[in-house]
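In Swiss-Prot this protein carries:
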REPEAT    21-104  repeat 'Solcar 1'
REPEAT    114-200  repeat 'Solcar 2'
REPEAT    209-295  repeat 'Solcar 3'
TRANSMEM  27-47  transmembrane segment
TRANSMEM  74-93  transmembrane segment
TRANSMEM  120-140  transmembrane segment
TRANSMEM  171-191  transmembrane segment
TRANSMEM  209-229  transmembrane segment
TRANSMEM  278-298  transmembrane segment
Amino acid sequence: MTSKGNAGNPPTPTPAPVKSQPLWHNLVSGGIAGVSEILVMYPLDVVKTRQQLQVGKGQSMMSSLVTMVRHDGLKMYRGIVPPILVEAPKRAIKFASNKFYEKQILSYCGNTKPTQMQAIGSGVLAGITEAFIVVPFELVKIRLQAKENAGKYTSTMDCVNKTFRAEGLSGFFKGLESTIWRHACWNGGYFGLIHTIKSALPKPTTEQGVLVNNFIAGGLAGTFGTMLNTPADVVKSRIQNQVGAGKYNWCIPSILTVAREEGFSALYKGFLPKVLRLGPGGGILLVVNEFVMKLLAGKN
């Protein structure tokens, strides 16, 4: 379709509208991105969890990593089954629900591109949605990763069975509220910054440039999200590692307890391995997600 030009001038072509991809594209691309990220970054997740569960002064990240490699070897991948099982649906839900909420917000507000506040809002809503899916898997993963539980559980299914016998079905949802805080903060920070960072970067002229920009934007946004959500993640790990009633219950009171008893810095235990995982991990997520989205768009 073309618009009429002035006399003697050729008509100006009307740009074709950008076709929105179906929701299942976001589900597939997000799932593949999530599994890719967890396979590469999982050892740092184990170190992060062990540091968060330490009360008082503990090992540094490098000491923890060296000790884990020396003593555990491939057993450092203990607990990877729950995140692998949940990673595809979790990341699929992260990207698909963010896109869904973004469309709803844009439709309600009447604009075509999200403002930063709208991007934060859709990210927070996506994080809340994601939290309900991941919490049982997170609980099993935390208990398998905890150093003090090394001889307690023989496998993922053994942990599931013992948790169910001791705490019932509701036991798998321990830490739901702190998980909501963790995911809402990270997703709000991540999706809220991506568009801003991309617009600040030089416009790419090649496919390689697009990949580099996506990695930079995802990495910086992932780092910011990690800075926001680490206190909630610390108390979530402690809440979920407790069998039965314990010292830590709700997110905000538990954050205040940790800060009072161990100092403010304790709320950022495990931050270095976490940010080393989720900073580059955020870049991997965005690069793989957008790459798969393009592949799927090409097939249609």
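FYI, residue positions are counted from 1 along the chain as it appears here.
Cβ atoms here come from the backbone N, Cα and C positions, even for glycine.
Under the criterion of 3 or more C-beta pairs below 8 Å, with sequence separation of 6 or more, the transmembrane segment (120-140) and the transmembrane segment (27-47) do not qualify as touching, having fewer than 3 such pairs.
Under DSSP, the residues of the repeat 'Solcar 3' (209-295) split into helix, strand and coil as follows: 75 helix, 0 strand, 12 coil. Residues of the same chain lying 6 or more positions beyond the ends of the transmembrane segment (209-229) and with a Cβ under 8 Å from any Cβ of it are 181-183, 185-194, 197-198, 201, 271, 274-275, 278-287, 290-291. Here the transmembrane segment (278-298) has Cβ contacts under 8 Å with residues 21, 25-26, 28-30, 32-34, 36-37, 40-41, 91, 95, 186, 190, 194, 210-211, 214-223, 225-226 of the same chain, all six or more residues outside its ends. Mean pLDDT of the predicted structure over the repeat 'Solcar 3' (209-295): 85. Across the repeat 'Solcar 2' (114-200), DSSP assigns 75 helix, 0 strand, 12 coil.
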